[in-house]
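Student: For reference, the structure I am asking about is given below.
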Amino acid sequence: MGSENHYQMNMVKGEFGYVLEDVPNFTDYISDLPTYPNPLRSNPAYSVVKQYFVDIDDTVPQKIVVHKDTPRGVHFRRAGPRQKVYFASDEVQACLVTCGGLCPGLNTVIREIVHSLDCMYGVNKVLGINGGYRGFYSKNTITLTPKTVNDIHKRGGTILGTSRGGHDTTKIVDSIQDRGINQVYIIGGDGTQKGAAAIYEEIRKRGLKVVVAGIPKTIDNDIPVIDKSFGFDTAVEEAQRAINAAHVEAESAENGIGVVKLMGRYSGFIAMYATLASRDVDCCLIPESPFYLEGEGGLFEYIERCLKENGHMVIVIAEGAGQELLAAKNEEDASGNRLLQDIGLWISQKIKDHFANKLKMLLTLKYIDPTYMIRAIPSNASDSVYCTLLAQSAVHGAMAGYTGFTTGLVNGRHTFIPFNRITERQNKVVTTDRMWARLLSSTNQPSFIGPKEAAEIGKQKKPTTQLLDDEDDCTDERAGTSFMVTSLIGCLSCGQ
Ligand SMILES: Nc1ncnc2c1ncn2[C@@H]1O[C@H](COP(=O)(O)OP(=O)(O)O)[C@@H](O)[C@H]1O
Ligand SMILES: O=P(O)(O)OC[C@H]1O[C@](O)(COP(=O)(O)O)[C@@H](O)[C@@H]1O
Ligand SMILES: [Mg+2]
């Protein structure tokens with residue numbers, strides 16, 4: 001076994017190409033810390049469970065489809081309770097913060113962290129940071145108890161409030177130190193996890209016994225490595241209501257077109273899965289698949305054909321799709337995310353103009369943008385269970401002295417993932433994978449790829465049985481996953 005230590009990740013190499021991308025632990029930078037038996041040993045609910053504690057050597061492979069001669073590949077540390085913990089119950093002062101855009105399930109995660117700390121580890125000092133990162137140094141905290149958070153999972157949004165921008169590492173860590181906080185739970189997306197990594201690094205530089213644990217939140221499902229993010233199922237489900245409405249409107253009019261814009265700044269997962277689930281959608285446009293309007297194989301030609309054949313059609317468009325067709329806005333939000341133009345409005349106008357002016361064809365187009373209605377609802381049943389497990393994993397990891405990690409589901413198993421793995425790239429729909437092919441075959445829409453490009457892609461294609469070794473690689477089975485979308489159609493990221 002060889003090992004390399006970095007601030008954000010400990011890399012352990014074993015036989016047959018085994019690699020463990022391990023998360024940091026207090027023991028990496030603080031010596032002689034006392035440990036305590038895990039209080040769960042005497043918890044009546046859990047003490048009867050056989051093998052309740054996770055073995056120190058348990059790891060989860062990122063790639064689970066293998067050939068007999070393929071290297072074992074990258075593994076992540078399995079989440080779950082450990083025999084020993086690094087905190088006495090009354091020593092813990094925890095805090096929670098939610099950052100970035102809203103997502104169904106935020107309140108569920110908050111509730112479950114507070115409840116897990118209390119019921120599993122006897123921890124009852126938990127603070128809520130108000131209004132995202134800037135709340136650490138500019139707002140009062142709120143006390144969170146099992147009683148005060150008991151019903152919050154039934155509400156959308158976050159009881160703590162959230163914000164973009166305002167990340168000031170020094171001020172945040174000063175505030176953590178001043179308040180005597182030693183467990184920081186940070187719930188947020190890619191930007192938030194980058195901020196969490198910076199906080200962890202500063203804490204480590206100062207040599208503090210303070211855990212930084214991330215819980216990945218992204219309604220767009222744009223965080224890599226994990227099977228999927230909480231709130232995603234809920235968003236796909238809620239999007240059905242908008243698509244149904246668009247379909248009803250379109251079907252009821254002569255040459256009716258329903259256009260629905262769904263979230264997805266850089267990744268079209270919600271649009272793709274909402275389309276696959278609905279079966280009423282005739283065209284799905286996502287950021288990863290550029291499209292064009294005019295000419296052979298273009299969108300206008302396809303719309304004309306749909307209207308001739310069916311008398312109506314439904315188009316789903318992700319908010320980040322086709323941005324290259326619009327004049328760039330060159331504006332950013334407070335977190336540095338590029339502000340997008342309203343592609344739904346733009347495309348609706350283009351379609352109307354084309355059919356009125358060029359084809360002299362009468363059509364009725366209705367445009368629906370349900371973005372904030374979808375984001376604001378509470379998590380559905382499947383996401384709520386997922387939120388609970390993520391929260392419990394974060395608490396188990398923190399109590400066991402792990403830090404600088406994000407909890408996440410990898411191949412249906414809960415794991416601790418180093419921050420840099422989560423923040424180094426974005427998860428995107430791979431349009432050369434099977435899931436996008438399934439979508440194209442279900443809608444019958446054009447691929448918007450010219451014959452020349454298709455030939456190029458064909459040339460690049462690896463043999464179908466070859467296992468992919470690149471980082472976008474994914475696996476066929478989501479072992480043990482009972483989630484609606486994943487278990488029905490396969491892996492969210494690669495479409496297998
Ligand atoms: N590179 C970064 N370094 C430190 N903090 C960041 C970084 N990017 C974003 N943040 C902070 O993370 C928070 C949330 O980021 P944002 O991009 O709005 O949402 P999300 O986390 O959902 O992607 C903001 O407070 C922002 O200032
Ligand atoms: O209007 P806001 O709050 O800036 O949010 C809009 C953005 O939020 C999102 O829902 C996701 O944002 P996050 O980066 O916070 O996860 C995007 O789909 C959308 O572009
Ligand atoms: Mg983001």
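Every residue, even glycine, has its Cβ placed from backbone N, Cα and C.
TrEMBL entries are annotated by machine, without manual review.
Sharing the record's features from TrEMBL:
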- ASP220: active site, proton acceptor (ACT_SITE)
- GLY101, ARG164, GLY165, GLY189, ASP190, GLY191, THR192: ATP binding site (BINDING)
- ASP190: Mg(2+) binding site (BINDING)
- THR218, ILE219, ASP220, MET263, GLY264, ARG265, GLU319, TYR372, MET373, ILE374, ARG375: substrate binding site (BINDING)
- 96-396: domain 'Phosphofructokinase' (DOMAIN)
- GLY191: site 'Important for substrate specificity' (SITE)
Student: Quick one: which of these binding-site residues, THR218, GLY264, GLU319, MET373, have their CA within 10 A of ASP190 (ATP binding site)?
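Tutor: Passing the 10 Å Cα cut: THR218.
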Student: I'd like the number of other C-beta atoms within 10 A of the C-beta of GLY264 (substrate binding site), please.
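Tutor: For GLY264 (substrate binding site), the count of other Cβ atoms within 10 Å is 27.
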Student: Among all chains shown, work out which of the recorded positions ASP190, ASP220, GLU319 has the most CB atoms within 10 A of its CB.
Tutor: ASP220
Student: Checking your reading of the structure: which of the binding-site residues THR218, GLY264, GLU319, MET373, ARG375 lie inside a 10 Å Cα sphere centred on GLY189 (ATP binding site)?
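Tutor: Within 10 Å of GLY189 (ATP binding site): THR218.
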Student: Using a 10 angstroms cut-off on Cβ to Cβ distances, just flag whichever of GLY101, GLY189, ARG375 is the loneliest among these binding-site residues.
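Tutor: Minimum Cβ neighbour count within 10 Å, taken over the binding-site residues GLY101, GLY189, ARG375, occurs at ARG375.
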Student: Max CA to CA distance in Å over the substrate-binding set THR218, ILE219, ASP220, MET263, GLY264, ARG265, GLU319, TYR372, MET373, ILE374, ARG375?
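Tutor: Taking every pair among THR218, ILE219, ASP220, MET263, GLY264, ARG265, GLU319, TYR372, MET373, ILE374, ARG375, the longest Cα gap is 17 Å.
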Student: Compile a sequence-ordered list of residues in the same chain as THR192 (ATP binding site), six or more apart from it, whose Cβ lies below 8 A from its Cβ; state 'none' when nothing qualifies.
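Tutor: Long-range Cβ contacts: CYS99, GLY100, TYR133, ILE186, GLY214, LYS217.
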Student: Using the alpha carbons only, what distance in Å do you get between ASP220 (active site, proton acceptor) and ARG375 (substrate binding site) once rounded?
Tutor: 10
Student: Would you mind sorting out which recorded positions among GLY165, THR192, ASP220, GLU319, MET373 put a C-beta under 6 angstroms from ligand 1?
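Tutor: Going through GLY165, THR192, ASP220, GLU319, MET373 in sequence order, those close to ligand 1 turn out to be GLY165, THR192.
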Student: Taking Cα atoms as reference points, which of the binding-site residues GLY101, ARG164, GLY165, GLY191 is nearest to MET373 (substrate binding site)?
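Tutor: Of the binding-site residues GLY101, ARG164, GLY165, GLY191, GLY101 has its Cα closest to that of MET373 (substrate binding site).
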Student: Check the recorded positions GLY101, GLY189, THR192, ASP220, MET373 for any whose Cβ is under 6 angstroms from an atom of ligand 2, and report them in sequence order.
Tutor: GLY101, GLY189, ASP220
Student: Taking Cα atoms as reference points, rank the binding-site residues GLY101, GLY165, GLY191 by distance from GLU319 (substrate binding site) and give the first.
Tutor: GLY101
Student: What is the total of other Cβ atoms whose distance to the Cβ of GLY165 (ATP binding site) is within 10 Å?
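Tutor: GLY165 (ATP binding site) is surrounded by 16 other Cβ atoms within 10 Å.
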Student: Quick check for the class: what is the C-alpha distance, in angstrom and rounded, between THR218 (substrate binding site) and GLY165 (ATP binding site)?
Tutor: 16
Student: Among GLY101, ARG164, GLY165, GLY189, ASP190, GLY191, THR192, recorded ATP binders, what is the largest CA to CA distance in Å?
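Tutor: Between the most distant Cα atoms of the ATP site, 13 Å.
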Student: With the Cβ atom as the reference point and anything under 6 Å counting, tell me which of the recorded positions (ARG164, GLY189, ASP190, GLY191, ASP220, GLU319) are near ligand 3.
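Tutor: Checked recorded positions vs ligand 3; flagged GLY189, ASP190, GLY191.
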